[in-house]
Each structure stands twice: as structure tokens, then as C-alpha cells.
Amino acid sequence: MHGSVKAGAAIDLVGDNGLSRYQKLVVILCATIALLDGFDTQAIGFVAPVIAQEWAMPLAAFGPIFAVGLLGGLVGAVLFGLVADRYGRRITLLLTVALFALGSLVTPLATTGWELGFYRLVTGLGLGGAMPSIIALTSEYSPARMRTTLIVAMFCGFPLGAVVGAILSAPLIAHFGWESVFLLGGIVPILLLPILVLRMPESLGWLTARQNINAVNVILSRMGKPPVTIAALARADEQNLEGQGKTSIYALFTEGRLIGSLLIAGVFFVSLLLVFLMVSWIPAIAVESGLSVQKGVLAAAVLNITGIIGSLLIGAVSDRLGVYRIVGGAYLLGGAAVVLLALGAQPSSTIFLFCAVAGFFCIGAQMCVISIASQFYPVDIRATGVGWSMGMGRFGAIVGPLIGAALIGGTAGKSLFWIVSVLSILAGIGILILGLSMRRRK
């Protein structure tokens, strides 16, 4: 009866209605995974000074260890993005959450830098691999009129996880050792897995693309919506049928998507290089600038908290005035503001103001870039597109900590300010060019 339903029709149906409790549950579960991802991704930064002292390692030696974990994230994002489009978001999400939980649980077994790097690589595969699925699921269960806001709100879990880590790591390390930070980062996702098995649905768009209308109608009934009919789906978007069953990286560069995909990849590279340069090294650079370790951790918390506030405000305004101009403008404003800080007083006196400005504009805008990627690609290649974009971003995230390692020393604070300002301006220009390209394409 429903064999001719177009792919993506269920997404259009969701987009034309309000947000049900079931949809809220999906967003909350995805946000919880993002929180755990943020905690585990940045856990190594919180414990690095302690491990360095315990193992008699120079702090700069952690640059490659930071980088190899992010390399795992790069590979995981691209690989599991493809897996999610081919085999489903739900099963891919369960697999990747289990993988990063396992990686975190075995990290305390490390006794050398090489072992620590390997365990962070395994953890990174799961952390990066979970991202395309939670972004795609949030996008596909969100009403169109508030999609950017909900994607950004969901992804606020990532910096919130970093804030939680900053708050909990000091007492955990003091009472139970650095190993306890990773044990917590592994136990909590293990406890979450049964809830995901029972409550996390498959993507409506993915099910519809494979004409599994019975499963679609079961989910729609849980959302309090009527079952799918041919008449209700008459306005479905034709483009979501194209490429069905042909998931590949190549599809991202066909059908007029070449320029957009390259621009999105470039913006992700620059923006995540910028973010991970800051989140990985702000505590250490703050200490190098003459502040206490406690103030260094507090600076990292300020960076992430203002990033959350900025992302919510930028996302809400983007839904009203257009995501390209608002996100691009936020990057440009952030870059200009940081330039003024770089020209001003010594970093020790401006580090908290820098963290507030850079967090609000740069991290806030970066979380909105994720929404751009999720809305740019059609449903049949959405997780692949998001995974590719985040993979390129993770490549930038690998470069960021390595740059930070080179900055450790006399003028680290000033150098950081200038690098952040230039990268922010480049990201803003890229977003604005992408917006112009999309306008011409339409």
C-alpha cells in the first residue's frame, strides 16, 4: 500500500508539526551522549599535568597524545558516518557508545605514553563515530522551524561535558587518582546503553528511505501523530530518493554539492582547529602566563560555559534571520574582539576576558556549523556528510593541540590570541561564501 512513499517524507511530516515528548526524548538522549563525548574527549587535558608529574614526562609530550585521540575521532566520524547511512543510526550509535566506554575503561591500564596514546585512539574512534548519528537523529526528529536551535541545544552537551569534567576532575584526582576520571567516563556510558537500547528509535528518514513504513508508523504513533498515508506524503522532497542505497563519500560531491562540501569541510577544519587549540591548552597556557593551576581550570570552564551561552543565542537568532549570515558574522565579531585583546594588556590579566569572548563567539558559532552540515545534505547521505565534515574538523583538531605544544613558552598567551583571531576570521569568511554559494544554487 505504501511502497511508493518517497524518502524523507517522514522528516517533512515531523517538520510540519510541533515537538512531542517522544521527540524531546530523542534530543535529550542525543544530548546526553554529547555530554559524555565532551567529558571523555577533554578528560586527557584535565589529567595531563598530573600524569606528566607522576611519569616524569614533559608537558609538551602530551601534544601527540592529544592528537592521536583526535585522529581516532577523525577516522571514527568518517567511517561510522558511512555505517550509519548504510545500516542505520541506532545500531551505529549503540556500537560507538560501547566502543568509547570500553576505551575509557581500559585507559587507566596505561603505564607509558605509547600505551596511553593507543587507548586514546580507541576511545577516539567511538567518540568521533557517535557524532554523525546523534546529529542526524536530532536533525531528523526536529521541526524545521527550530531545527538549528535544537541541534545546537543538543550539542551543548559537548562543552557541558567539559565543564562537568573540569568540576569533577580535581576532587576525583585528589581522592582516587587520575585513573578515576577515565573510569567515570567509561562507567556512565555503559549504564546508559540499556536505556538507549530500550528508548532510542531509528531515524524516521532512514526507515522511510528503505520503505519500512510499518516501523515509521509505529514511531509516529508514539509521537502522537497519525499514520503515514500517500496523500499526507504527496509533498515529499524528491531529492531524498536520489542515491538511495549508494552511500559513499563520492555522493557528497555530486548533484551540485561539490563547492558546498569543500567549503563545509574547510570551515570544519578551521573551526575545530580553533576550538581544540583552546580547550586543550588554555589551562597550561594560563599557568605559563603566571596564573595558578586552579585559575587555569577555571579559565577552561569559562571558555566552555560562554560557548554554551553563545551557541544557544546564535542558534536561536539563526533560525529567525538565517544561519549563514549570523554564524559567519559571529566568527568575524569574535576574531575582531580577540584582535583587540591581543593588542592590549598581558595575557595573565586578560585570559578570562579572552575565554569569555572566544567561547561566546568562536565555540558558540562552531556548534552552529554542525547544524549547517546536517541541513545541507539529504537524508540518504546525511550521516555520511556530517561524518565527512566532522572528520575534516577532527583533522583540524589534531593540528590544534600540536600548535599548542609549540606555543608553550614565553609568549604563549599572545601567540594564542593572534592565532585564534585569524582562524575565527577565516571561518567567518568561509561561512559567508558558503551562504552566497547556496543562494546562487537555489
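A Cβ is built for glycine as well, from the same backbone N, Cα and C atoms used for every other residue.
Within the same chain, residues 59, 62, 65-66, 69, 73, 93, 97, 100, 104, 120, 123-124, 127, 130-131, 134-135, 137-138, 141-142, 150, 153-162, 164-166, 169, 173, 178, 181-182, 184-185, 188-189, 192, 195-196, 199-201, 279-281, 283-284, 297, 300 sit at least 6 positions outside the transmembrane segment (25-48) and bring their C-beta atoms closer than 8 Å to a C-beta of that stretch. Annotation source TrEMBL lists transmembrane segment at 25-48 (among others).
Per TrEMBL, domain 'Major facilitator superfamily (MFS) profile' is recorded for 26-439. On the 0 to 100 pLDDT scale, the domain 'Major facilitator superfamily (MFS) profile' (26-439) averages 83 in this prediction.
Here TrEMBL flags 60-84 (among others) as transmembrane segment.
Summarising the annotation, TrEMBL assigns transmembrane segment to 91-111 (among others).
Residues 26-27, 30, 33-34, 37, 40-41, 44, 64-65, 68-77, 79-81, 83-84, 89-90, 92-93, 95-104, 106-107, 109-110, 150-151, 154-155, 200, 203, 370, 373-374, 382-384, 386-387, 390-391, 394 of the same chain, all 6+ positions outside the transmembrane segment (117-138), place their C-beta atoms under 8 angstroms from a C-beta of that stretch. As annotated by TrEMBL, transmembrane segment applies to 117-138 (among others).
Cβ atoms under 8 Å from those of the transmembrane segment (150-174) belong to residues 19, 27, 30-43, 46-47, 50, 134-135, 138-139, 142-143, 180-181, 184, 279, 294, 297-298, 300-301, 304-305, 307-308, 311-312, 314-315, 363, 367-368, 370-371, 374 of the same chain, restricted to positions at least 6 beyond its ends. Here TrEMBL flags 150-174 (among others) as transmembrane segment.
Taken from TrEMBL, the feature transmembrane segment applies to 180-198 (among others). Same-chain neighbours of the transmembrane segment (180-198): 29, 32-33, 36, 39-40, 43, 46-47, 93-94, 97-98, 100-108, 165, 168-169, 172-173, counting only residues six or more beyond its ends whose CB sits under 8 Å from a CB of the stretch.
According to TrEMBL, the feature transmembrane segment maps to 262-284 (among others). Outside the transmembrane segment (262-284) by six or more residues, the chain places 42, 45-46, 48-49, 59, 66, 70, 162, 253, 293, 296-297, 299-300, 303-304, 331, 351, 355, 358, 362-363, 365-366, 369, 372-373, 376, 385, 388-390, 392-397, 399-401, 403-405, 407-408, 416, 419-420, 423-424, 426-427, 430-431, 433-434, 437 with a CB less than 8 A from a CB of the stretch.
Sequence-distant neighbours of the transmembrane segment (296-316) (same chain, 6+ residues past either end, Cβ-Cβ under 8 Å): 45-46, 148-149, 151-153, 155-156, 159-160, 162-163, 166-167, 169-170, 278-279, 282-287, 326-327, 330, 351-352, 355-368, 371. Per TrEMBL, the feature transmembrane segment maps to 296-316 (among others).
Residues or ranges marked as transmembrane segment by TrEMBL: 323-345 (among others). Cβ atoms under 8 Å from those of the transmembrane segment (323-345) belong to residues 148, 271, 310, 314, 317, 353-354, 357-358, 360-362, 364-365, 368-369, 371-372, 375, 414, 417-418, 420-425, 427-432, 434-435, 438 of the same chain, restricted to positions at least 6 beyond its ends.
Taken from TrEMBL, the feature transmembrane segment covers 351-373 (among others).
Summarising the annotation, TrEMBL assigns transmembrane segment to 385-409 (among others).
Feature annotation from TrEMBL assigns transmembrane segment to 415-436 (among others).
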So what's near the transmembrane segment (415-436) in sequence-distant terms, Cβ-Cβ under 8 Å and 6+ beyond its ends? 260, 263-264, 266-267, 270-271, 273-274, 277-278, 281, 285, 322-325, 327-332, 334-336, 338-339, 341-342, 347, 354, 358, 361-362, 365-366, 369, 372, 403-404, 407
